[in-house]
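Q: Sharing a structure with you now.
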Amino acid sequence: MSDEPEARMWEDEGTRYDTRSRGSYFESAFASTEHLDRAPLLSEETYSEVQTTSTEDHHCHWKPQNQPPSSVPQLLAALLLCAVFMVCELVGGYLAGSLSVMSDAAHMLSDCGGFALALFAFRCARRPPNATMSYGYRRAEVLGAMASVLLIWALTGIFVYVAALRIHTGEYSIEPDMMMIVSGCGVAFNVVLALVLHGCASDIAHYHSHGGAACGHAHAQEQRPRIAFRMFRRSKHNGLVNGDYSLKDMATVEADVNARTKNINLRAALIHVIGDLIQSCGVLLASVLIKFYPDAKVVDPICTFVFSVLVLLTSARVVRDALAMLMQAVPANFRYRECVSALRGVRGVRHVHSLHVWALSTHYLVLTAHIAIDDLSESERVLHECQAVVRDQFVVQAATLQVERHCAPRPACPACRQPAAAP
């Protein structure tokens, strides 16, 4: 005999749903079905599966057919190009006796680390959780970022030390011709790399704009059942009425969010490559100056100092974000107060407390909260609507909400008090 609870049907705004647990909630339209299949409650061990009977042959774990173009081939190509040219630049800088060229290679190492981490994050996201790693391997992205930054800082420190010795002793020579060749190749390489990343970002942007058009939604809706997402506006008829997204296709929404996320990542990488291009142009100008004015060779260690500062500035944000994730801080772009207000706006909710939000990785949010209501017979409806709120409005991929009977908050209880200021 099966241990699964008996399925029962319920209707909402003309759409029928099949639920297997009383205290269950919606599977998010914004959560990727690759890594978030089921979400249990804190108080129950059963799972919920949102299904619809609008199609005869369906499966609870939907796999979108209209996927955005994958950025993995472009990132892999960029990683290989960066690795090859980084080695060439190190060798060329050594032969030319130029620290600025070798420091530019160290900056190129940060690019390699960024591309490798992006590919590593894609791979980790596909690995399912297990009994040991219940959240999967998403946090490995943060650890990899910290290791990459520490390596870059160590190399930068070595270059700064050698540059200071050169300025102090003045006993060094530079081959301007070799320096010009290597720096010129660096400019050309960064232009090619920018074109590769720009082409990938443009493809994804085109997909996203097309998917948001009427024709894109029409194609997806022919193949996927549609689910109604309730918004916050009050109605005298049923308490909540549909907002701008009255009927939203889950596959289309998920594809749009995935495309937007990848587009943002690639644009950030493109901006970083443009910074490298400017740095390579600076090295090229320094080599030209040394070529025609040999006594100006001090420009090379000075450029090393400048580029080292740029490396530290560009990597400091990575360290800050990684530390915030490891400390489970509320993400900077998460609207904490608005989320509390939105949950309180659900019909029947009296109080919201113990709301915690943190990021497992750069694009995977986790949320837990206690929802206090007066009538526990409404707990299933309140749970469904609150879950739709955090998933639909605040792009939370994994949410666990506990519905409980409302009692007066105690001022002395830390859990009853909200944070003094929004993060």
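Every residue gets a Cβ built from N, Cα and C, even glycine.
According to TrEMBL, the feature domain 'Cation efflux protein transmembrane' maps to 75-327. The feature domain 'Cation efflux protein cytoplasmic' is assigned by TrEMBL to 335-405. Marked as transmembrane segment by TrEMBL: 75-99, 105-122, 142-167, 179-197, 269-292, 298-319.
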Q: Please compute the mean pLDDT of the model over the domain 'Cation efflux protein cytoplasmic' (335-405).
A: 91
Q: Please spell out the DSSP helix, strand and coil residue counts for the domain 'Cation efflux protein cytoplasmic' (335-405).
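A: The composition, in the requested order, is 28 helix, 31 strand, 12 coil.
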Q: With an 8 Å cut-off on Cβ pairs and a sequence gap of 6 or more, do the transmembrane segment (142-167) and the transmembrane segment (105-122) reach 3 or more such pairs?
A: yes
